[in-house]
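Some notes on the structure that comes next.
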């Protein structure tokens, strides 16, 4: 692959025969209320705020257990805790988050953003509630891994922004949804440490359930489908029912030869092909993996230093992560 070219360059579509033009369903060029790019800016920015709120909640949930990981393992194991269990309790999230996108992204291309986002959010809430209710360390670790798998916001937020905004208007929206996780990561341990010290560590997880539940209610009531392929397919199906013309097809389906299974597996394999063909992406991935490794080494060792050597409370230990 030529490193000077885009990883996924725009390929001009094959010309459509003129006799098929009347059977192609697309958006109205003068403005279409079904086209996400033509939605009112106030609504689009409302969706961006909702995405940012869920991104904040996800990162808050991920990092909030860091200052109280040892306490959680002690409680669940009856005082017979191990350092490996407390480390795995924190880091297992990333294993799930690494595998989840290989399913979430292809499913969103098959069924649309709306059902996948809501299904993943509901799974995230259920797994977090399971972690709050569990009575054993292995079950807690499994629930944490499942919450990582179900993190749809980190995977689909950029795609949803790209659905709603043209390329030269995406900067501010992307900055907003990228800033939210940073705020969640900075404030999560501080808030969690204070809550765990006064109310117990389970209340930290219940707070995450409440935040995610509020976000999911807003997703169910305010969020609309943004994936243009899905929107046009539904529009074509509606036109077929209204007109009785079985030849009507969405513009994106013209020349489409793969079935759903083929598109699904193609979406899974595509990132691996891009990764294998781009040395730049491989170097960035190595750099990112080293950065994450350093972050989690600090996150799992700093609480021990602050609590065992400096005798800080969980609240003060969590507050130290504001500067981390």
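Every residue, even glycine, has its Cβ placed from backbone N, Cα and C.
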Matching range for TrEMBL feature annotation, transmembrane segment, among 205-223, 224-242, 243-261, 262-280: 205-223
As TrEMBL has it, transmembrane segment corresponds, among 72-92, 93-113, 114-134, 135-155, to residues 114-134
Among 45-66, 287-308, where does TrEMBL put the label transmembrane segment? 45-66
Winner by Cβ pairs under 8 Å against the transmembrane segment (177-199), considering only 45-66, 114-134, 205-223: 45-66
Compute the average pLDDT of the predicted model within the domain 'Major facilitator superfamily (MFS) profile' (47-324). 90
